[in-house]
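J.: In case it's useful when we look at the structure, here is the feature table from TrEMBL:
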DOMAIN    1-387  domain 'Major facilitator superfamily (MFS) profile'
TRANSMEM  7-28  transmembrane segment
TRANSMEM  40-61  transmembrane segment
TRANSMEM  73-92  transmembrane segment
TRANSMEM  98-119  transmembrane segment
TRANSMEM  131-155  transmembrane segment
TRANSMEM  161-178  transmembrane segment
TRANSMEM  205-224  transmembrane segment
TRANSMEM  230-259  transmembrane segment
TRANSMEM  271-291  transmembrane segment
TRANSMEM  297-317  transmembrane segment
TRANSMEM  329-348  transmembrane segment
TRANSMEM  360-382  transmembrane segment
Amino acid sequence: MWTTLRTALPLVGLTAVGLLATDLYLPALPGLPSALNGTIASAQATLTAFTASLAISQLLWGAASDRFGHRAVLAAGMLLQALGGLACALAPGMTALIVARAVQGLGVGAAMVVVPTVLRSAFHGTRAVRALSWLGIAESMVPALAPIAGALLLTRSDWRFSFWIVLAALVVVWPWAWRAIPPHQRAAAPPTRGGYVELLAHRAYAGYALGHALCFGALISFVASAPQVVAVWLGAGPATFALLQAFGVSAFVLMAASSGFCADRYGVDRIIMAGVALQVVAAAGFLALAWLDIRSLAGLIAGWSIFCGALGLRGPATMTRALDVPGRLAGRAAGLMMFMAFCLAAVATQGVADYLTLGLMPIAAVCLGFTIASALLIIVGITGREKRAESAPT
C-alpha cells in the first residue's frame, strides 16, 4: 500500500499544481481589463488560450509518452510550464498574457497525460477506481479551493502574485514527482500509426471517454464563468464566488472518497449512470433558476453541490473504464480523453463570454446540453463494453 501511495501522491500533487495555474487567478478576472487595458472578452481569452493549448497538448504528449516514455514527457512539460508561468507573472499587457498562458497550458498538459496513465497501470479493478479518485479529488478540489486562495491573495497583493505562487509550487513538487516514476514506466511496445483513430473505433472507449470529457468540460466552463455570473447575476463579489466553490469542493471530496466503496457494492457502471443522472438534474435546476429569474445564492449553491458531488461519484469510475485499453495505447487514451474535455471547455468558456452580461442562463444551457449528451454517450460506452465482453474468447 505504501509503495502505491508513494507513487500516487507526488503525481497527484503535480497535477494539482497544473490546475492551480488555471484557477488561482480566477477572482482577478473581473479586474484584468482595467489593469491591462483590455475587455471582459479579452480577459476571458486568457482562460481560453490556456485551455485550448492544454487541449492540443494532450494529443502531442499522448503520442510522445507512448514513444519516448513518461519521464521524458514530464521533463519537457515542466520546463514549458515554468517558462510560461514566468512570462505570465511579467506580462506587460493583455496580449502578452494571452500568449504566455498558451505556453503555460502546453506545459501543464504533460502531467495531465502521464499521471492517469501511470496510476491506471499501477492499480487494477475497483482499486483503480480508488486510485483515480485521488486524482479526481485533486482535479476538483483545486478548481474549487484555488479561487478561494486567489481571492485572499487579492486582498494583499495584485493578480501577478498568483503566478509567482504557482511557479514556486512547481519548483517544490517537481523533484518529488520525478522520483515517483520508475524508469521502467516507458512504452514497451513500438508506437503505432493511427493510434487515435484506432481508439475512437472502439465503441466502449469512445462512449466512456467522450462522456467523461463532456461533464469535465461542463465543470471547467462553469468555474471559469462563475466569477462573472456571481458579479452580474447576484451582484456579489469574490467572497461569494469562494463560498460557492467551497460547497462544491466539499460535495466532490465526499462523493469521490466513497466512489471506490460504491463501485465495490453497486458496480462501476451503475455508479457512473447514477452520477450522470444527478448532473442532469443539477444542470436543469440551473436553467430553471435562470429562466424564472430566481436570483438565489442558496439555489445556486444547492445545484452546484449536486453537480460536483455527482462528478466525484462518477468521474473516477468513468476514467477507469475509458483507460481500459491495450498498454501500447495508454498514453494516447489519456491524452485524447483530456483533449476532448479541454476542447469542449475552451469552446464553451469563450462561447458564453460575450453573453455573461445575461447572468446564469448561457452557462446553465451549456451545462445541461453537455450532461444530457454525456448520458447518451455513457450508454454507448456501456453497450460497447458489454458487446466486447461477449465477443471475447473464453
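Glycine too: its Cβ is placed from the backbone N, Cα and C atoms.
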J.: I'm a bit unsure how to read this: which one of 7-28, 98-119, 205-224, 360-382 has the highest number of Cβ pairs shorter than 8 Å with the transmembrane segment (297-317)?
T.: 205-224
J.: Is the transmembrane segment (131-155) in contact with the transmembrane segment (230-259), using at least 3 Cβ pairs under 8 Å (sequence separation of 6 or more) as the test?
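T.: Yes, since the transmembrane segment (230-259) and the transmembrane segment (131-155) share at least 3 Cβ pairs closer than 8 Å, they count as touching.
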J.: Are the transmembrane segment (40-61) and the transmembrane segment (98-119) close, by which I mean at least 3 Cβ pairs under 8 Å that are 6+ residues apart in sequence?
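T.: Contact criterion met.
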J.: Count the CB pairs under 8 A between the transmembrane segment (329-348) and each of 73-92, 131-155, 205-224, 271-291, then give me the winner.
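T.: It is 205-224 that shares the most Cβ pairs under 8 Å with the transmembrane segment (329-348).
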J.: Which one, 7-28, 73-92, 161-178, 205-224, has the most C-beta pairs under 8 Å toward the transmembrane segment (131-155)?
T.: 7-28
J.: Please work out whether the transmembrane segment (7-28) lies in contact with the transmembrane segment (98-119), by counting C-beta pairs under 8 angstroms that are 6 or more apart in sequence and asking whether there are at least 3.
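T.: Per Cβ check, the transmembrane segment (7-28) touches the transmembrane segment (98-119).
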J.: Please indicate, using numbers and ranges, the residues of the same chain that are 6 or more beyond the transmembrane segment (73-92) and have a C-beta under 8 Å from a C-beta there.
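T.: Beyond its ends, the transmembrane segment (73-92) has Cβ neighbours at 14, 18, 21, 36, 57, 61, 64-65, 99-111, 113-114, 160, 163-164, 166-167, 170-171, 174, 177-178, 181.
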J.: Taking every residue in the domain 'Major facilitator superfamily (MFS) profile' (1-387), what is their average pLDDT?
T.: 84
